[in-house]
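> Would you mind keeping the following structure in view while I ask a few things?
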Amino acid sequence: MLAVSSHNLWIALAVTLAAGLATGLGSLMVVFAKKPNPRLLAFGLAFAGGAMVYVSLTEILNKSIAAFSQAYNDKLGFTFGTLTFLGGMLLIMVIDRLVPNPHQSLSSDDPQFREDNRAYIRRVGLMTAVAITAHNFPEGLATFFATLESPAVGMPLAFAIAIHNIPEGIAIAVPVYFATRNKFYAVGASLLSGLAEPVGAGIGYLALFSVLSDAVFGTVFGLISGVMVFLALDELLPAAKRYAQGHETVYGLVSGMGTLAISLVLFRFATP
């Protein structure tokens, strides 16, 4: 069993919790602020997508290959890393087919959101919360294990996931707020959904703690990299394109990749 630093463990839990609670920021935008700028939202979503794709392919997948290589040899390490990456995409693809995509939820501009249709709105809110909660479990695992192994990798990933969680908080808060007219319920529902990330991380860690090894880390990182790339391509970029009014998606994507690339270089120089 691999030794895990207690310092990294607490950092990983804190970072995962912070990323999950970003859903609350989205709900606050609904109940207290004006309608979000769609161009800024498009840029932010694409930025998060670019960051997630970059860190998944350049850092997390490479950590999977390195861990498998430590457990076996270089050829098998590359093979198993690639297979678990593809397995991660297949896994989240199945989940995505079984659970509705949270970014396809109705908005407050939808004609269905009328005062006399609160039962329908309440049902939409419940379905959205369940869908987003299900999607948050693998994101929590990704943030936690990436930070547990290397905070320099996990923190930028958590930042990208936090940006991604803001519109999810909006998606939950809109129907809940319209159905109940209660700000506390809207914010609370979003925060509870976000807590699925640290809960998922805790369950995953407890399940794997006794068997942590190079092979297990390789499997987890391979699956995480596949899941993150699929989520970025299937959820974040299409959602960004939907809000964009120009080239915000491309600019956000490139900015996200560039920012993550520079931050990882700086982390390398900052660590001894």
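From the backbone N, Cα and C atoms, a Cβ is placed for every residue, glycine too.
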> Starting from the Fe(2+) binding annotation in Swiss-Prot that includes N136, E139, N165, E168, which of E149, E197 is the extra site residue?
E197
> Taking pairs 6 or more apart in sequence, does the count of Cβ pairs under 8 Å between the transmembrane segment (189-209) and the transmembrane segment (76-96) hit 3 or more?
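Contact between the transmembrane segment (76-96) and the transmembrane segment (189-209): absent, because fewer than 3 Cβ pairs are under 8 Å.
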> Are there residues at least 6 beyond the ends of the transmembrane segment (40-60) whose Cβ is under 8 Å from a Cβ of it, and what are they?
142, 146, 150, 153, 156-157, 159-161, 163-164, 166-167, 221, 224-226, 228-229, 231-233, 236-237, 239-245, 248-261, 264
> My understanding is the cutoff is Cβ-Cβ under 8 Å with a sequence separation of 6 or more in the same chain; which residues meet that for N136 (Fe(2+) binding site)?
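The answer is G20, N165, E168, S193, G194, A196, E197, G200.
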